[in-house]
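Encoded as structure tokens, the structure appears first; notes follow it.
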Amino acid sequence: MLKIIPGWQVKLLDANHIQTTGISSLELMERAAKGFVDWWNGKGFDHSAPVNIFCGAGNNGGDGFAIARLLDTSGFKVSVLKCFDESAKLSSDALVNFKLLPDGIRVMDWNEFDKSKDGIVVDAFLGVGLTGELRSTAKAIIQKINSFDGKVISVDIPSGLPSDDLLSGACVRADFTVTFAFPKLSLLFPEHAAVTGELILVDIGIADTEYDLFDSTSYYLRKEDVPFFHRKFHRFSHKGDFGKVLIVAGSEGKMGAAILSCKAALRSGSGLVTALMPKSERQIIQIAVPEAMCQFELPTDLSRFDAIGIGPGLGVMGKSALLESIFHRFKNPMVIDADALTILSENPDLVHLIPKGSILTPHLKEFDRLLGDTSNHLARLEKAADFCRSLELNLLIKGANSVICLADGRQVFNSSGTPYMATGGSGDVLTGMLTSFLGQGYSSANAMFCGVYHHGLAGEIAGEHYLRGTIASDLIDAIPETFVQLGIS
Ligand SMILES: NC(=O)C1=CN([C@@H]2O[C@H](COP(=O)(O)OP(=O)(O)OC[C@H]3O[C@@H](n4cnc5c(N)ncnc54)[C@H](O)[C@@H]3O)[C@@H](O)[C@H]2O)[C@H](O)CC1
Ligand SMILES: [K+]
């Protein structure tokens, strides 16, 4: 996993990399620009569209000059818009790249930009070096960029956005943000989605181990990290090894939730899935998921189950006693979602009975109901950290870049997923997947890393086919393909 460090420490990260590898800071800037242009070329932008690159006087602007040169070489019609006046002192690497601009590139002042013309804007005005309140010219430059109707692509971070804090002033509204080395924390906050746009991470050759020097509890979970967290099974493995799980879900009119959770658990590899549900609804689930067994009363001995997932479609009325009995009878980590979370927020004393190491999966509204109102993501992350540490529980804050908050204090931002997953039943699928991995003997942390990443990837795979028509069942159908893509047998 990639550590997320504060923006002000990027200079130290770079300095250390330069010292240990012997490469120059200019080469690091060139790698950033090359990475940006590689992504750009993969997008297949129209070569006839003029590219207008707003460049500041710092290294973010330096990236912009280098990008201008490389895009010019690729055959794009590039203009550079200087966001500094004649008296400004450019950073040394920015100055080198400014001087390297080929003759064919038109260099203008930022206020000469004609927003009515077609094209693409690249925002290389301010990066992680932003400090304090924006100066008035900076605000005017940001306004100018935002007045443009076409595509805006921000380099490293949308100009004006503080790297680790909430946005309070003006900021470029990007369609894409191409960030270098690691995602800056603020790019992962839901309140900044409208300014960040789609997030792309470009590797500039800094190894994960180079982040060990820095203290941080925030991490980013990438595709390449996930195989490491999976258990390996062998040819003598039998269905007992793949876990027996109990899914406590469904009620009259809400059996779909139980079906989705059970199917997702089976598709994620569970050996045996039992559904605890009302007897009156049994035919629905037996027909929809013939692989699942049914149970209509809570068994006295729950130790035969390796993991329990509780909540989807369960209903709230009269169900708190059931939850309490399960907490008393089952001592291993379980997955708690949906209506079970609502029951907990209405019966806060029950929270202390939850088996240690369990996984709670609230979306933002459920989070506020359970932990109290939070006005922003930063406050939410802090609250979640306290909750997890003090109760020895794990919690997933669901949303774009869902955050895996662990009892040990780590907060891991997921990188997979798509807005097409914002559809009814998507959470029920996740509950089944998480319960399945717990039942297969994964630690709670590893079950979360794998469950959350695969769930997001399933959404991406399904979303590619069905776009906004994606439904939760499509995610289940895509689960096997997630194993293929990650090379997990
Ligand atoms: N390892 C990496 O990630 C690398 C990133 N690179 C890029 O470098 C920038 C950071 O560069 P830095 O020189 O430190 O700062 P900026 O260019 O972001 O900003 C300095 C620039 O901004 C002006 N400024 C600061 N505060 C304000 C304000 N409140 N109002 C107006 N103007 C302000 C200041 O005067 C300077 O002109 C990083 O984001 C990446 O893009 C490297 O290229 C490679 C390694
Ligand atoms: K920028």
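Including glycine, each Cβ sits where the backbone N, Cα and C put it.
All annotation found in TrEMBL is predicted automatically rather than curated by experts.
AMP binds K398, G399, A400, N401, S402 as TrEMBL records it, and from the list G372, G427, G432 the residue named for this site is G427. Listed by TrEMBL as binding K(+) are D123, S159; the candidate from N59, N60, N97 that the record includes in that site is N60. Listed in sequence order, the binding-site residues among S159, H363, N401, S402, G427 whose CB lies under 6 angstroms from an atom of ligand 2 come out as S159. Of the chain residues outside the K(+) site list N60, D123, S159, F54, G56, G61, G64, A124, F125, L126, G127, S154, V155, D156, I157, P158, V172 have their Cβ within 8 Å of the site's Cβ mean position.
Within the set of binding-site residues (N60, T131, S402), the lowest number of other Cβ atoms found within 10 Å of a Cβ is recorded at T131.
Within 10 Å of G399 (AMP binding site), counting CA to CA, the binding-site residues N59, N60, V128, D156, S159, H363 contribute H363.
By the rule that a residue counts when its Cβ sits under 6 Å from some atom of ligand 1, the binding-site residues N60, T131, D156, N401 yield N60, T131, D156. For K398 (AMP binding site), the same-chain residues that are 6 or more apart in sequence and have a Cβ closer than 8 Å to its Cβ are T361, P362, H363, L364, G427, L430.
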